[in-house]
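First up is the structure itself, then whatever we jot down about it.
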Amino acid sequence: MKAIVFAYHDIGCVGLKALVEAGYDIQAVFTHTDSPNENRFFSSVARVAADLDLPVFAPEDVNHPLWIERIQQLQPDIIFSFYYRNMLCDDILSSAPRGGFNLHGSLLPKYRGRAPINWVLVNGETETGVTLHQMVKKADAGPIVGQHKVMISGSDTALTLHTKMRDAANELLRDLLPKMKNASLPLEPQKESEASCFGRRTADDGAIDWQKSALAINNLVRAVTEPYPGAFSYLGQRKLIIWRSQPLDVVHSKLAGTVLSTSPLVVACGDGALEIITGQGEEGLYVQGSRLAQEMGIVTGIRLGNKPSQKLKRRTRVLILGVNGFIGNHLTERLLRDNRYEVYGLDIGSDAICRFLDNPNFHFVEGDISIHSEWIEYHIKKCDVILPLVAIATPIEYTRNPLRVFELDFEENLKIVRDCVKYNKRIVFPSTSEVYGMCDDKEFDEDSSRLIVGPINKQRWIYSVSKQLLDRVIWAYGAKENLKFTLFRPFNWMGPRLDNLDAARIGSSRAITQLILNLVEGSPIKLVDGGEQKRCFTDIHDGIEALFRIIENRDGACDGQIINIGNPTNEASIRELAEMLLRCFEKHELRHNFPPFAGFKDIESSAYYGKGYQDVEYRTPSIRNARRILDWQPEIALEQTVMETLDFFLRGVVLEQNVLEQNVLEQNVLEQNVIEQSKTSKDEHHV
């Protein structure tokens with residue numbers, strides 16, 4: 001059986017050797033180049049492949065069309081991934097008739113994602129394991145071929161647990177690979193209700209919070225000790241790294257972080273105390289705890305903690321134009337929750353952001369970007385990150401008001417881009433999935449997909465080309481004027497506060513809002529061209545988390561990047577979306593407040609949108625850039641998003657009805673009182 005292998009790390013070496021022993025015909029091995037900045041404690045897949053006389057490659061982007069073509073030419077029967085760091089695209093996985101299989105370092109569905117060995121130790125788990133599963137679009141979510149359990153002892157560290165996992169992987173693969181070669185093994189679907197997902201860890205995650213229990217801190221030490229950078233704390237400006245420790249069940253009345261003794265070196269925790277067995281200063285030697293106390297001048301009663309700031313760090317100032325919009329108000333909530341940001345916002349309304357108006361880190365002005373140009377320029381100069389979120393982004397307006405779309409979406413935003421260039425400010429610009437137009441790629445890739453639009457007489461493309469031209473202008477300013485920028489492309493973000501029902505009444509809203517209005521009013525749900533168009537819907541909370549990471553921009557990783565933000569696993573036709581919405585509506589607790597369902601009605605696009613409209617059959621994002629740059633993966637299922645969106649609008653309608661009824665009741669009472677008073681006055685006058 002012909003196999004292609006994607007492998008890295010010790011586990012990759014184990015997998016490669018197991019495949020050879022099982023008699024697989026390995027056509028090629030793909031791995032990663034060894035980074036000089038990485039403390040490499042594991043074996044080299046490239047060396048093992050060379051020793052086995054296997055062709056080995058280490059492309060920067062294995063999902064590039066050139067590499068996809070080369071892989072397809074090899075015509076593999078099956079694909080294996082052993083600790084390879086990148087997701088493989090559908091084109092690669094579909095090139096193997098038997099599919100692709102990945103070895104993951106946990107007992108799936110628990111601990112999907114990055115660094116599972118470190119995370120299980122941080123969280124104090126007593127067991128983990130390895131899982132061989134089929135690869136699907138969603139990371140680590142495919143059906144399971146087999147698992148091997150590994151017990152975690154209280155003395156295990158990341159290194160000792162890694163050794164156990166390597167041995168478990170070897171046993172699992174030696175058992176399964178020969179069977180898979182001869183026949184297809186049964187697959188067990190993962191239980192989504194039991195799934196958990198964890199992101200990457202960095203050296204900064206080793207910072208000790210002494211308020212936590214001694215057990216939790218000791219777990220952190222075990223998880224990041226050698227060969228990792230280690231758990232650390234500070235004595236003033238000096239860094240102290242803890243390599244080995246043990247929790248002590250002692251009762252004390254000291255503040256967390258206080259040194260209780262120096263021989264042994266014991267530090268008070270939020271619950272119990274931690275004995276530092278070995279450690280070192282940042283520039284010192286690896287020594288015993290008591291020796292470390294001597295070398296660093298640690299005395300009983302002194303406190304360890306975070307590194308004191310040289311100066312109080314100013315909050316990052318973020319300017320959001322269109323702050324009251326769907327993305328703007330949700331992003332504001334996320335930024336303010338983090339407490340490292342100060343938000344300045346402008347919009348023509350404030351109904352969605354009234355909940356932030358009392359926050360001292362939120363500053364709002366009601367205004368129009370086409371009028372308040374001086375205010376905007378001043379705040380671009382004042383702020384650090386600029387997000388111009390103002391745009392007309394509803395399809396019916398592209399044909400109904402094409403010139404207004406161009407004036408607002410292109411001309412007004414171009415002024416903002418130029419001010420960012422003028423004052424050397426970073427711009428995070430909302431491109432759109434619409435720029436891909438009628439692209440015929442299976443997945444729309446930021447760096448390689450063609451941007452294809454229709455003829456001039458199809459005016460619906462004015463939005464797409466306005467955004468595309470701004471993308472190109474921003475890119476050119478980056479190349480020629482060193483403008484710092486990131487372009488993000490949302491793919492059908494959806495959730496509470498998306499448009500409003502009043503906008504839906506005049507047809508100026510996105511699909512789900514229009515569908516909800518039909519249900520609320522008891523009118524037929526109109527399915528344009530039968531609702532067969534497919535879209536990949538993304539929960540607003542998933543989307544905002546990705547956008548937050550773009551604004552955060554760790555190590556400048558997002559500078560000069562274009563990033564799709566969408567959920568390829570949440571693909572559904574508009575008809576399927578409507579049917580799902582109807583099911584949620586019928587079982588909602590407020591259903592009795594609304595009329596009976598009036599059915600579906602198919603309608604031609606020209607009758608709904610007018611002449612000049614042209615639709616797209618599908619729009620599926622590649623999210624490799626988002627995974628690689630942001631360490632981001634969408635998690636929220638479509639049905640959950642639909643339920644939350646529906647619930648938001650239904651409760652709003654019922655509340656509005658109750659307020660209206662209360663107002664009518666109060667008015668009736670008032671009128672009745674006036675009548676009674678008038679009658680009393682007449683009676684008194686008569687007397």
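Using the three backbone atoms N, Cα and C, a Cβ is placed for every residue, glycine included.
Annotation comment: Swiss-Prot describes Glu434 as active site, proton acceptor. Positions annotated as (6R)-10-formyltetrahydrofolate binding site by Swiss-Prot, on the basis of sequence analysis: Arg114, Val136, Lys137, Lys138, Ala139, Asp140. Per Swiss-Prot, NAD(+) binding site is recorded for Asp347, Asp368, Ile369, and the stated evidence type is sequence analysis. As annotated by Swiss-Prot, UDP-alpha-D-glucuronate binding site applies to Ala393, Tyr398, 432-433, Arg460, Asn492, 526-535, Tyr613. According to Swiss-Prot, the feature region 'Formyltransferase ArnAFT' maps to 1-304. The region 'Dehydrogenase ArnADH' feature in Swiss-Prot is assigned to 314-687.
Features as recorded by Swiss-Prot, highlighted on the structure.
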residue	record	Cβ neighbours (10 Å)
Arg114	(6R)-10-formyltetrahydrofolate binding site	18
Lys137	(6R)-10-formyltetrahydrofolate binding site	18
Ala139	(6R)-10-formyltetrahydrofolate binding site	19
Asp140	(6R)-10-formyltetrahydrofolate binding site	24
Asp347	NAD(+) binding site	24
Asp368	NAD(+) binding site	13
Ile369	NAD(+) binding site	20
Lys526	UDP-alpha-D-glucuronate binding site	17
Asp529	UDP-alpha-D-glucuronate binding site	16
Glu532	UDP-alpha-D-glucuronate binding site	15
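Model confidence over the region 'Formyltransferase ArnAFT' (1-304) stands at 93, taken as the mean pLDDT rounded to a whole number. Those same-chain residues not listed among Asp347, Asp368, Ile369 yet with C-beta within 8 angstroms of the centroid of the NAD(+) site C-beta atoms are Leu321, Gly322, Leu346, Ile348, Gly367, Ser370, Ile371, His372, Val390.
Glu532 (UDP-alpha-D-glucuronate binding site) sits 24 Å from Val136 ((6R)-10-formyltetrahydrofolate binding site), taking the CA atoms of both as reference points.
The (6R)-10-formyltetrahydrofolate site in the record is lined by Arg114, Val136, Lys137, Lys138, Ala139, Asp140, and its two most distant CA atoms lie 17 Å apart. The recorded positions recorded for this entry are Arg114, Asp140, Asp347, Asp368, Glu434, and the Cα of Glu434 lies nearest to that of Ala393 (UDP-alpha-D-glucuronate binding site). Comparing C-alpha positions, Lys526 (UDP-alpha-D-glucuronate binding site) sits nearest to Lys137 among the binding-site residues Arg114, Lys137, Asp368. Ranked by CA distance from Asp140 ((6R)-10-formyltetrahydrofolate binding site), the binding-site residues Asp347, Asp368, Ser433, Arg535 have Arg535 at the top as the closest.
For the recorded site, Ser433 (UDP-alpha-D-glucuronate binding site), the DSSP three-state label reads helix. Considering only the binding-site residues Arg114, Lys138, Ala139, Ile369, Asp529 (UDP-alpha-D-glucuronate binding site) has Lys138 as its nearest partner by CA-CA distance. Ranking the recorded positions Val136, Lys137, Lys138, Ala139, Glu434 by the distance of their Cα atoms from the Cα of Asp368 (NAD(+) binding site) places Glu434 first. Across the recorded positions listed here (Lys138, Glu434), the residue whose Cβ sits among the most other Cβ atoms within 10 Å is Glu434. Nearest Cα neighbour of Ser433 (UDP-alpha-D-glucuronate binding site) among the listed binding-site residues (Lys137, Ala139, Asp347): Lys137.
Non-local contacts of Val136 ((6R)-10-formyltetrahydrofolate binding site) by the CB criterion (under 8 A, 6+ apart in sequence, same chain) comprise Gly142, Thr569. Separating the Cα atoms of Asp347 (NAD(+) binding site) and Lys137 ((6R)-10-formyltetrahydrofolate binding site) is a whole-number distance of 38 Å.
Put simply, of the recorded positions Ile369, Glu434, Arg535, the one whose Cα is nearest the Cα of Arg114 ((6R)-10-formyltetrahydrofolate binding site) is Arg535.
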